[in-house]
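A.B. asks: Pasting in a structure now, in structure tokens, and then I'll have a few things to ask.
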């Protein structure tokens, strides 16, 4: 049920100059505003070309007006779109005209929020709009579109329906003890529960892949000066993103580059060489490098394989281990194999540490090994056509639902406690409901929609 009565307006197209710009309105004043601006009564879902006029009848622009009466519109309310020339001054004049007619400026994401509140789409679909706009690769855009079309929501709804059926069976047995249903002897509850757990595990895995394509991972390149860190960044980026010289300390600040490997986004950070220095600026760069190391998903510790001290790379900089105690997330890169004559390849020690020997000067000397290794570190798989976009909050909700099902199963098998199982099933259903918005606090909704673009 729609309780929003204000009419909102915003420029729906990106800032800057363009061939076409769109001002969008939603609310009860949309039809009246369209008539005032165009001077005619707009036929629903028809394109009307003509002048857009101000309050004095002067022409502001010429373009197309489209009116979509609710509830058959994106927001579920009356919607007006004014498509004119995409100059910022023209768009601003047209927007100001709408505000003069009683509209107010829309908040970021408010159009999508109204669509959600009016049951035109659920929360996961609304978030997919933002993900589609922000997609940084073809596969990420395809996944976001599938989520917008309801692929993710359908999977969640399927899990929810299965949980509801299971809850009905369990709670009926609790409420009618005279039926004397033995949960364990019956076996029906455990079979249903395990089926839900299996499907939930599949959705978790697919959602994890979707989140990878959306968020990617942060990879920090660290090491001594002149180890070849910037050359490695340039090879991964496929361009001269960093300055490369023989002068130690050329890189004095963190340099960030956004790249893709088979569609997976990587945020690669090149850092200042790790060494003791009296240079104030370089010292700041080293401090920032250590900070980046501590925040990374994966660290590539680059060593010059021709240097005498390369035999014990972790001893080169003791503070490195202080910043990154989980050495399992550090990959040792023995660089300059073209000079040292070392065999190009990848080795994994008994304790799980990975060493890759390569040359950052030559793309065919170990770079493909590194790319495959980075994909494997994040558990990346070539995305199937059925995949969808997901966010970290979705993964957390799925994790919580899984934890409740695991706990409920343990309560049933160890103690035969049907009442405790029923409560865990309820909480699992609520966790899934947070994904689609069936159970979401106002604070959560506010945070989600405030991250959208204005006009969306």
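Cβ coordinates are placed from backbone N, Cα and C, and glycine is handled just like the others.
So Swiss-Prot says this about it:
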type: BINDING; residues: 24, 81, 120, 456; note: (6S)-5-formyl-5,6,7,8-tetrahydrofolate binding site
type: BINDING; residues: 226-231, 245-251, 270-273, 335-338, 359-361; note: GTP binding site
type: BINDING; residues: 226, 245, 247, 250; note: K(+) binding site
type: BINDING; residues: 230, 251; note: Mg(2+) binding site
type: DOMAIN; residues: 216-379; note: domain 'TrmE-type G'
A.B. asks: If you count Cβ atoms within 10 Å of each one, which of the binding-site residues 24, 229 comes out on top?
C.D. replies: 229
A.B. asks: Restricting to the domain 'TrmE-type G' (216-379), what is the model's mean pLDDT?
C.D. replies: 78
A.B. asks: Name the secondary structure element type, per DSSP in three states, that contains residue 272 (GTP binding site).
C.D. replies: coil
A.B. asks: I need the nearest neighbour of residue 81 ((6S)-5-formyl-5,6,7,8-tetrahydrofolate binding site) among the binding-site residues 226, 272, 359, using C-alpha distances.
C.D. replies: 272
A.B. asks: DSSP three-state call for residue 229 (GTP binding site): helix, strand or coil?
C.D. replies: helix
A.B. asks: State the count of C-beta atoms found within 10 angstroms of the C-beta of residue 81 ((6S)-5-formyl-5,6,7,8-tetrahydrofolate binding site), not counting that atom itself.
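C.D. replies: Summing over all protein chains shown, residue 81 ((6S)-5-formyl-5,6,7,8-tetrahydrofolate binding site) has 21 other Cβ atoms within 10 Å.
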A.B. asks: Give me the CA-CA distance between residue 229 (GTP binding site) and residue 120 ((6S)-5-formyl-5,6,7,8-tetrahydrofolate binding site), in Å, as a whole number.
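C.D. replies: So the Cα of residue 120 ((6S)-5-formyl-5,6,7,8-tetrahydrofolate binding site) lies 50 Å away from that of residue 229 (GTP binding site).
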A.B. asks: Using Cβ atoms only, which residues of the same chain lie under 8 Å from residue 336 (GTP binding site) while being at least 6 residues apart in sequence?
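C.D. replies: Once residues fewer than 6 apart are set aside, residue 336 (GTP binding site) is near 228, 304, 305, 306, 359, 360, 361.
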A.B. asks: I'd like to know which of the binding-site residues 226, 230, 272 sit within 10 A of residue 120 ((6S)-5-formyl-5,6,7,8-tetrahydrofolate binding site) at the Cα level.
C.D. replies: none
A.B. asks: Return the single residue from the binding-site residues list (226, 230, 359) that has the minimum number of other CB atoms within 10 Å.
C.D. replies: 226
A.B. asks: Work out the three-state DSSP category of residue 336 (GTP binding site).
C.D. replies: coil
A.B. asks: Could you check what DSSP calls residue 120 ((6S)-5-formyl-5,6,7,8-tetrahydrofolate binding site) once collapsed to helix, strand or coil?
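C.D. replies: Reduced to three states, the DSSP call for residue 120 ((6S)-5-formyl-5,6,7,8-tetrahydrofolate binding site) is coil.
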